Amino acid sequence: MSRLSRRRRRLPEAWRRPLAVVGGVIALTWLIVAVAAPLLAPYDPLAQELPRLAPPGPDHWFGTDQLGRDIFSRVLYGARVSIPLTLLLVVLSVLIGGLLGACAGYFGRWVDETVMRFADLVFAFPTVILAMVVAAALGASLTNAVLAVLVVAWPSYARVTRGLVMGMREREFVLSGRLLGFSAWRSLRLDVLPNVTGPILVLATLDIGTALLLLSGLSFLGLGAKPPSPEWGAMVSSGVEVFDSWWVATFPGLAILTVVLAFNFLGDTLRDALDPRTARAIKVRAL
Amino acid sequence: MSPTSAPGKAPAGGTAGRRAARPGVHRHPLTRFLVRRVATALLLAVGITLVTFVLTNLVPGDPATANLGQRALGDPALVAQWRAEHGLDEPLPKQYLLHLSGVLQGDLGTSQQSHRPVAEDLAEFVPATIELAGAAIVVSLILGVAFGVIAALRRDRLADQVLRVTSLIGISVPTFWLALVAFYIFFFRLQIAPGSGRLDPGMTPPPKVTGLHTVDAVLAGQWDVFASAAGHLALPALVLALYTIGLLTRFTRSAVLEVLGQDYVRAARAKGLPGRTILFRYVLRSALVPIITVAGLAFGSLLSGTVLVEAIFAWPGIGQYAYKSATALDLPAVMGVGLVVGAVYLVINLIVDVLYGVIDPRVRLS
Amino acid sequence: MTLTISNLQVSIGGAKILRGVDLALQPGKVHGLAGESGSGKTMTGLATLGLLPHGATTSGRVDLAGRDLLTMPVRELNQVRGKEVAMVFQDPATSLHPMLTVGRQLTEHMRHHLRLDKATARAKAFELLGKVRIPGAEAALKRYPHQFSGGMRQRIAIAVALACSPKVLIADEPTTALDVTVQAGVLRLLRSLCDDLGLAVLLVTHDLGVMSAVADEVSVMKDGLVVETGPRERVLRTPSHAYTRSLLDALPGETA
């Protein structure tokens, strides 16, 4: 038990980086696929003209589905559906949650109370159940699924930003700015926001995975993308009907897994680079 | 965890154990604390029902469209009758108040889907989910904490690296896909897992005491039923647990590393205590406090997962019920689910707070 | 039993922390180890019992009755730690486990090292608390560290260190975290324990005032080396090394 070591030391750089490199390469590959899908895909993702339920082989690397569509092509095209929406979703959550959280932390009092009680309410609710209710109420469509995920995604940013801003508010350079007569908005924009971007970026990177899981989960439940669309969650869902043809569901699922994993590798490495206290605040919130 | 909040204001829920020592408390701190917790949960339940109510009413979806067939929809009289039957012709605020007053009398309304009282539906479906999520959280805690401790003690070595990658994979796998793959491999291919549902077909559930088939079977001494129930539970629970295992592994690792750096651990080593004693008596005891906090939060994500896992394994739980009622815009049922969620939230938080007190004398004695 | 440190070298991540330290502890004597923070005096204490942070490498010899503690296997070293050589740390608020009772922390290593049964260990703990002058020992055993004041906690930590009747005590800044009014009491306690039990004490401190109050021998460290060593009177009154003089000059008020 001499290994009960006392001090925490960082992993040697050489050991920590491979994870980030692997994550970065996978993420970049998927981004390229999303852009270049029409050039890369051997078949039309929607054309129902191939043999049905053909297992993976030289002609169809990932096989074909029950409607005679090439799954490899559909998986590639799926990147165009899921990845931009997921990124947009995270950007919007950061903007909305960050803004609300910053206001709550900066102005305190009733602004803080209102925003944070609302965030608590959302937090108490299991994400999938709340998103499901929202999506069902709005009507099943991919846009509404994005809105539904947005509803459950913003509070984590609000909480983290609020905490960081409240810590920042008492710092000297912010206080002196106030004393010099800068407006609240000015000091929020110039002094506070630049200092919270690092942690928020890490949280956002980790959240890309969560958002994609949730979004594809809603599609899987039939509350997101509709059938002809090559959305990965919906493709897994169609694989349920023919689950003995394992390839129909397996490959789109692997696509989701690799994208989420890539961003988690990146985010986890980035988090280690942050100072421990901020990292801990994020770790708890990133659930 | 969070910076000090403004004077006289409680920090947001979750870490309530720490507020025990606030000055100026008149009543017994425990009473005060319990009152506050129950009030929060009530507020939450009302908030949840209000949100679900508003959501399901102010949006394009129409319950009548979702519930009545195409032919009935062509007949305005039929639609009107259906709406009147379900109280949908009243003004919205009145509808909501009617619902709330019903809840207070234990009447959660009637499901538009099952045509049964929502309370009855919930009583039937909730135990199945509790059994599933409960098994999953137990598995997650055991494996997640064990893996996290190993990773921390082997920091920077091979075991730590392997656990880091595997736990990240664990939190990256889409639950619904994993459920399907597991079902395919273990049921369809290897045929070592029983099929869907909670029991083998034709088997009678044990006499209902807790509603958890495994527990009830043991209570009734029906070992064959227990074997069947446990067998059916194992795969969905493991699938559900994978995410939280990954989460708890990562979290336990950092919690343990933090405790290892404490003076009292070095002091324990200076006393010549064996490593195992230090680990269990000194390190884990402290690390458990943050771990329990996260496990409480993780339970929420387990409930989320049940919606997806129950769908694949045909597990008759609250997740499937929530899904069916949400897609049908079955308002009373959805609000019933909301209440259940509020109650679960309350219970989990209470358990977490009690555990804080059990583990940490500073909470218990102040 | 004497403890002799010879040519002790420690480096952590390439940085040399100790560059050949020599010290000798005698039974019944308090040996003061002075120096500024970063001079390596705390590391000297930790290295003696193999408590250095992860990744530290050591060389040299720490001799306890003919055995070298530095090269000793961990299992064997665990028989020395707490039993023959004990340690008191700087901050009693963090060096006692907040969630274990005082009784537990006082008895657990007695039961382990001395194979005492529960009742005997408790009786011994009761006696120890009296020795370090904790009032109401019976009740104190059932209480937790946070229910005591800082000075009391340090007395408890000293009682923990003395529980297995060690021959050598390493006290790392034992009074730094305490109020000035409490410091004197803890120091007197250390002094009397040293005299009564024939303990060899290494008192690590940056405070020459503390040093002059209790130490028999004084060593002064700078940059990982002992620059001056000798009887208290000589070192503090007629310091031969320029660094010792500068330390003394920095002291407010008089010397000894």
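Every residue, even glycine, has its Cβ placed from backbone N, Cα and C.
The following features are taken from TrEMBL:
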COMPBIAS  B:1-13  compositional bias 'Low complexity'
REGION    B:1-23  region 'Disordered'
TRANSMEM  B:38-59  transmembrane segment
DOMAIN    B:126-356  domain 'ABC transmembrane type-1'
TRANSMEM  B:132-153  transmembrane segment
TRANSMEM  B:165-187  transmembrane segment
TRANSMEM  B:225-248  transmembrane segment
TRANSMEM  B:287-313  transmembrane segment
TRANSMEM  B:333-359  transmembrane segment
For the transmembrane segment (B:132-153) and the transmembrane segment (B:333-359), check the count of CB pairs under 8 Å (sequence separation 6 or more) and say whether it reaches 3 or more. no
Which residues, given as numbers and ranges, are at least 6 beyond the ends of the transmembrane segment (B:333-359) yet have a Cβ under 8 Å from it? 13-14, 16-17, 33, 37-38, 40-42, 44-45, 48-49, 51-53, 56, 99, 103, 108-109, 111-114, 118-119, 121-122, 126, 285, 288-289, 292-293, 295-296, 299-300, 303, 318, 321-322, 324-326
Can you work out which residues elsewhere in the same chain, 6+ from the ends of the transmembrane segment (B:225-248), have a Cβ less than 8 Å from its Cβ atoms? 131-133, 135-137, 139-141, 143-145, 147-148, 166-171, 173, 175, 178-179, 182-183, 186-187, 193-194, 197-200, 203-206, 213-214, 217-218, 291, 294-295, 298, 301-302, 305-306, 309-310, 312-313, 315
Are there residues at least six beyond either end of the transmembrane segment (B:165-187) with Cβ under 8 Å to its Cβ atoms? List them, or say none. 147, 151, 193-196, 235-236, 238-240, 242-243, 245-247, 249-250, 305, 308-309, 311-313
